[in-house]
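According to Swiss-Prot, the protein has these features:
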| type | residues | note |
| --- | --- | --- |
| MOD_RES | Lys35 | N6-(pyridoxal phosphate)lysine |
| ACT_SITE | Lys35 | active site, proton acceptor |
| BINDING | Arg130, Met303 | substrate binding site |
| ACT_SITE | Tyr255 | active site, proton acceptor |
Amino acid sequence: MKPFPRAEISSKALQNNLARLREIAPGSKVMAVVKANGYGHGLLNVAHCLDNADGFGLARPEEALALREGGVKSKLILLEGFFSQVDLTTLVEHDIDTVVHNEVQLELLESSILAKPATVWLKIDSGMHRLGFTPEQFAAVYARLEACPQVAKPINLMSHFACADEPDNPSTKVQINLFNDLIKDLPGQRSLANSAGTLYWPESQADWIRPGIALYGVSPVIGDLGGNHGLMPAMELVSQLIAVRDHKAGEPVGYGSSWYAKEDTKLGVVAIGYGDGYPRNAPEGTPVWVNGRRVPIVGRVSMDMLTVDLGINATDLIGDDAILWGKALPVEEVAEHIGTIAYELVTKLTPRVAVCLD
């Protein structure tokens with residue numbers, strides 16, 4: 001018996017998406033971003049499936065170490081860098097590249113005695129104003145890294161977009177120009193484009209692209225779909241109907257009796273709720289896919305269940321699949337109904353949801 005709820009992960013879709021991104025950025029290497037448990041798709045699942053990626057981007061040291069312990073030998077890049085001497089020593093020991101974005105990290109490098117030089121990506125704050133050295137700091141920081149014997153040469157260079165998922169926002173072009181002006185004539189590898197940069201700003205693709213959400217078949221742009229770019233959804237979130245009930249006009253359903261039927265109908269109870277990571281704030285009308293059609297959520301999402309209006313003539317049965325998002329019902333569409341982004345939906349599934357790679 002298959003577990004439910006479950007997130008079915010398509011290796012075919014993952015491989016398609018990597019190949020498609022290579023077509024979109026033919027002159028760039030691909031740093032596949034697999035942080036946050038592979039965007040909810042399973043860290044090792046994704047890394048082994050995409051073992052032909054040129055490297056993997058992680059947020060935290062434990063994620064990178066999990067890949068090394070899982071047999072992944074590819075290039076790994078720690079996007080938030082290290083925050084202790086122990087972390088730095090461990091990264092070097094396991095051949096993990098590190099981003100350097102603040103003075104504390106720089107001083108740790110300068111004061112360390114390492115078994116071999118660390119491979120560094122110097123992060124420039126070109127407009128995101130979250131991590132990185134400012135343009136005014138850049139030259140001095142670069143010179144200190146150049147002079148540091150604990151840093152492998154050449155130094156690699158990186159920045160991150162603030163608004164690339166808004167294709168008409170002029171600030172992205174400003175960031176591209178600022179980054180290119182600062183690093184002009186310097187050696188080392190360059191990386192600027194995230195998923196949105198890769199898809200919408202080809203001039204940002206540089207030596208390495210860093211796709212995250214696009215690898216999983218999802219568009220980073222609200223109102224867009226991954227399928228519009230030849231991407232395939234890699235996750236299908238599936239549960240089952242555990243009850244089908246006749247429901248009379250005027251009767252409520254669920255906590256708070258927030259929804260009343262306007263006419264006689266049949267309701268289906270789906271075995272998934274906020275305890276599984278499905279958002280409690282999903283409003284009435286959010287679609288679920290049952291037997292080839294969209295049916296709306298009615299009433300409140302509870303911890304283990306939600307209810308859908310199947311319609312008076314429904315022939316659905318207990319045990320039938322209910323798809324919360326996937327090929328037929330894009331996660332981007334569900335996110336828009338809920339008032340969130342697809343990133344949040346796929347990364348917030350709890351351990352109660354079985355993640356199954358085909």
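Here the Cβ of each residue, glycine as well, is placed from N, Cα and C on the backbone.
When the alpha carbons of Met303 (substrate binding site) and the residue listed as 'N6-(pyridoxal phosphate)lysine' are compared, the span between them is 27 angstrom. Taking the recorded positions Lys35, Arg130 in turn, the residue surrounded by the fewest other Cβ atoms inside 10 Å of its Cβ turns out to be Arg130. Within its own chain, Tyr255 (active site, proton acceptor) has Gly299, Arg300, Ser302 as residues 6 or more apart in sequence whose C-beta sits under 8 angstroms from its own.
Looking at Lys35 (N6-(pyridoxal phosphate)lysine) and Arg130 (substrate binding site), their Cα atoms lie 18 Å from each other. Secondary structure at Met303 (substrate binding site), as computed by DSSP, is coil. Secondary structure at Tyr255 (active site, proton acceptor), taken from DSSP and collapsed to helix, strand or coil, is helix.
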